[in-house]
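Novice: I am attaching a structure below and will ask some questions about it afterwards.
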Amino acid sequence: MSSDTSRRDHAAMAVREVLAGDRKVGTVSRSARRRRLELRRLGRTASAVAEDDAAKRVRPASDSSSDSSESAKVAPEPTAEVARWPACVSHGAVSVIGRRREMEDAIFVAAPFLAASKEAAVEGSGVAEEEGKEEDEGFFAVYDGHGGSRVAEACRERMHVVLAEEVRVRRLLQGGGGGADVEDEDRARWKEAMAACFTRVDGEVGGAEEADTGEQTVGSTAVVAVVGPRRIVVANCGDSRAVLSRGGVAVPLSSDHKPDRPDEMERVEAAGGRVINWNGYRILGVLATSRSIGDYYLKPYVIAEPEVTVMDRTDKDEFLILASDGLWDVVSNDVACKIARNCLSGRAASKYPESVSGSTAADAAALLVELAISRGSKDNISVVVVELRRLRSRTTASKENGR
């Protein structure tokens, strides 16, 4: 049996055991070590891959699933008209090259992102900025590059900084007051900020007409989530995806921009382009996504305008998954949420006591990557899991730690 087949069998077995909910503790040290080694060989990285120095100073970098300062607290039930929760209790990320020759994905995490982005901007300009009270919002993003990694890496460096600038400008301009009108205005401001951010970053990385042809053929999808105490804002451009688990139900927060999506096909054709079925539906027979950052040579058919979803948080919100199509091409929303939920609720911790992080968001992300590999994903695979409230009780955690 080949090593690839053996690896897929081990991953599939692990996933089946978690789905079955088998809580019996066996002698698993060897298999656990083997799974860890397999992930390392595949090039596993955790949320520390967000290499921005400012972000590292703001958030813990010692654990791939770094808990926030509120991670030891159970998210409170809403007690007022405008409910507030911790932005997140933990987050984790895994990004692997998979069966591709080159790594073109990039991920970024900054929590809280406004403070991290402010520090990065001040360092870049050399100008000191007054301290201000920023809302505790986390920034999470997956960028799936194509034609090379240049644009995805540029998005990782710039997207959160530009978005923070756009958000601050609109908050400075907003008026006082309260009520439904203000809430609606705030939603509109978030959509405007996201749209302006994507346009600016696209302008920075898209390449000019006189630029080298190679630079014009590089692009990246982008799915970005800003998680705050009151709401979740998701902006998507391309076929990466964001899915929320709410009360055990998978709720998509984005819609893939595929060339054969009826409204996207109509838009492309109205701009003078064509959607050709050449090894799958593609813009001009070339690109399998109808929106992206970069890809100057395919404009105006391929645009960088994101679709933005602004959703109020509830006490049923459990976790958020952001991932590239390396996961979504082989795993459905429902299955992904079931796997992550079982992991975060403690089933994986009792089954795999030597797990690197102990049934945290990073473990959930790693298990989803294993599942995608076992199902034959041929792409880079990047997964970010954001835990919004504790699914595992303190009693369960104490028993496991004292075992």
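Every residue gets a Cβ built from N, Cα and C, even glycine.
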Novice: Look at the Mn(2+) 2 binding annotation in Swiss-Prot, where Asp144, Asp325 are given, and name the residue from Asp186, Asp202, Asp379 listed for that site too.
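Specialist: The record-listed residue among the candidates is Asp379.
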Novice: Do you know which of 42-80, 81-119, 276-314 Swiss-Prot annotates as region 'Disordered'?
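Specialist: Of 42-80, 81-119, 276-314, Swiss-Prot gives region 'Disordered' for 42-80.
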Novice: Express the distance between the Cα positions of Asp144 (Mn(2+) 1 binding site) and Asp325 (Mn(2+) 2 binding site) as a whole number of Å.
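Specialist: Roughly 8 Å, rounded to the nearest whole number.
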Novice: Write out, in the order they occur in the sequence, the residues of the chain not among Asp144, Asp325, Asp379 that have a C-beta within 8 Å of the mean position of the C-beta atoms of the recorded Mn(2+) 2 site.
Specialist: Asp105, Thr221, Asp239, Ser240, Ser324, Gly326, Leu327, Trp328, Asp329, Asn380, Ile381, Ser382
Novice: Give, as a single whole number between 0 and 100, the mean pLDDT over the domain 'PPM-type phosphatase' (90-388).
Specialist: 87
Novice: Return the residues near Gly145 (Mn(2+) 1 binding site) by Cβ distance under 8 Å, restricted to its own chain and a separation of at least 6 in sequence.
Specialist: Glu104, Asp105, Ala106, Val151, Ala152, Glu153, Val218, Gly219, Ser220
Novice: Other than its own, how many Cβ atoms are within 10 Å of the Cβ belonging to Asp325 (Mn(2+) 2 binding site)?
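Specialist: The answer is 23 other Cβ atoms.
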Novice: Using a 10 Å cut-off on Cβ-Cβ distances across all protein chains shown, tell me which of the binding-site residues (Asp144, Asp379) has the largest neighbour count.
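Specialist: Its Cβ has the most other Cβ atoms within 10 Å: Asp144.
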